[in-house]
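Accompanying notes for the structure given below.
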Amino acid sequence: MNSTHHHGMHTSLHFWNRSTYGLHSNASEPLGKGYSEGGCYEQLFVSPEVFVTLGVISLLENILVIVAIAKNKNLHSPMYFFICSLAVADMLVSVSNGSETIVITLLNSTDTDAQSFTVNIDNVIDSVICSSLLASICSLLSIAVDRYFTIFYALQYHNIMTVKRVGIIISCIWAVCTVSGVLFIIYSDSSAVIICLITVFFTMLALMASLYVHMFLMARLHIKRIAVLPGTGTIRQGANMKGAITLTILIGVFVVCWAPFFLHLIFYISCPQNPYCVCFMSHFNLYLILIMCNSIIDPLIYALRSQELRKTFKEIICCYPLGGLCDLSSRY
């Protein structure tokens with residue numbers, strides 16, 4: 001992270017900071033006509049309280065998801081274990097962004113001697129954010145593969161996706177993503193790191209898209225074939241497709257919330273001096289808000305799509321001071 005910071009500017013990741021602050025370091029250069037000093041080149045300011053508030057909301061929501069999956073044995077299935085991994089990643093991304101707001105505020109208000117320590121703390125947070133981003137993508141891909149197996153390898157599914165194997169997969173995901181996140185921050189001065197991250201993002205999306213095209217095309221054929229059979233197969237197939245649709249919604253929200261940020265990185269690499277690119281990059285803080293909103297929206301999707309999860313949420317909430325409210329609602 002750069003040692004010079006623009007007041008009030010919130011950033012994420014070491015090289016993301018460089019891309020944002022780069023807008024100001026070259027502010028004296030003519031980047032285009034018709035742009036005033038207070039115009040599109042100024043970073044959109046978002047109050048630090050907004051980041052902290054979103055971080056707290058995400059923390060509470062995703063902890064609720066993790067506790068619910070751990071508490072309810074009916075949710076001890078590969079898909080929900082991968083959802084739990086995704087919830088951890090979402091929580092870390094959002095909480096780290098909120099924490100980095102505090103760190104940057106301290107960095108702007110402390111003396112030079114204390115800044116080096118604050119920068120080191122900020123780099124650690126950046127590593128957590130980067131690792132969590134990669135873990136989010138890998139968890140989504142794992143859920144996609146799991147749904148693929150449930151639909152096309154239903155008879156062998158329980159032999160393929162054992163609890164032990166799922167645990168190994170999740171452990172490997174976090175180990176690889178943690179190492180990659182640390183390396184990305186260490187070598188963040190190189191543009192190749194940004195290109196690598198962009199490539200990973202679009203490669204994973206392409207893999208998930210290819211799985212889904214095949215999944216939904218073949219699933220339609222399977223549904224037609226089993227339509228003449230007794231209802232159990234149809235019910236099971238319908239449940240599997242519901243899980244696939246849930247993941248489709250999760251991926252859609254992920255793309256919508258993260259795409260502006262990755263477009264920001266692409267513009268930083270390809271056209272850092274173009275007036276239109278600079279104008280887009282000046283809204284960097286808004287893209288961070290979208291990323292944090294993704295971490296808040298995901299638990300709502302889980303709850304809306306899973307009756308079992310909603311039931312467990314209610315049981316957990318009723319164990320605490322809201323128990324009286326839950327008892328009242330259950331009577332009506």
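A Cβ is built for glycine as well, from the same backbone N, Cα and C atoms used for every other residue.
Per Swiss-Prot, the features are as follows:
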BINDING   Glu100, Asp122, Asp126  Ca(2+) binding site
DISULFID  Cys40-Cys279  disulfide bond
DISULFID  Cys271-Cys277  disulfide bond
CARBOHYD  Asn2  N-linked glycosylation site
CARBOHYD  Asn17  N-linked glycosylation site
CARBOHYD  Asn26  N-linked glycosylation site
LIPID     Cys318  S-palmitoyl cysteine
TOPO_DOM  1-43  topological domain 'Extracellular'
TOPO_DOM  70-81  topological domain 'Cytoplasmic'
TOPO_DOM  107-123  topological domain 'Extracellular'
TOPO_DOM  146-165  topological domain 'Cytoplasmic'
TOPO_DOM  187-191  topological domain 'Extracellular'
TOPO_DOM  216-248  topological domain 'Cytoplasmic'
TOPO_DOM  272-280  topological domain 'Extracellular'
TOPO_DOM  305-332  topological domain 'Cytoplasmic'
TRANSMEM  44-69  transmembrane segment
TRANSMEM  82-106  transmembrane segment
TRANSMEM  124-145  transmembrane segment
TRANSMEM  166-186  transmembrane segment
TRANSMEM  192-215  transmembrane segment
TRANSMEM  249-271  transmembrane segment
TRANSMEM  281-304  transmembrane segment
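Overlay of Swiss-Prot annotations on the structure.
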residue	record	Cβ neighbours (10 Å)
Glu100	Ca(2+) binding site	27
Asp122	Ca(2+) binding site	25
Asp126	Ca(2+) binding site	26
Cys271	disulfide bond	14
Cys277	disulfide bond	19
Cys279	disulfide bond	17
Cys318	S-palmitoyl cysteine	16
Quick check for the class: what is the C-alpha distance, in angstrom and rounded, between Cys279 (disulfide bond) and Cys271 (disulfide bond)?
11
Suppose I define contact as three or more CB-CB distances under 8 A, residues 6 or more apart in sequence; do the transmembrane segment (82-106) and the transmembrane segment (192-215) meet it?
no
Using DSSP, what is the helix/strand/coil residue split across the topological domain 'Extracellular' (272-280)?
6 helix, 0 strand, 3 coil
Are there residues at least six beyond either end of the transmembrane segment (124-145) with Cβ under 8 Å to its Cβ atoms? List them, or say none.
1, 12-14, 17, 79, 82-83, 85-86, 88-90, 92-93, 96-97, 99-100, 103, 169-170, 173-174, 176-178, 180-182, 184-185, 188, 197, 200-201, 204, 207-208, 211-212, 247, 250-251, 254
Tell me whether Asp122 (Ca(2+) binding site) sits in a helix, a strand or coil according to DSSP.
helix
Just checking: which of Cys271, Cys277, Cys318 have a Cα that is within 10 Å of the Cα of Asp122 (Ca(2+) binding site), counting only these recorded positions?
none
Pairwise Cα distance for Cys277 (disulfide bond)/Asp126 (Ca(2+) binding site) [Å, integer]:
24
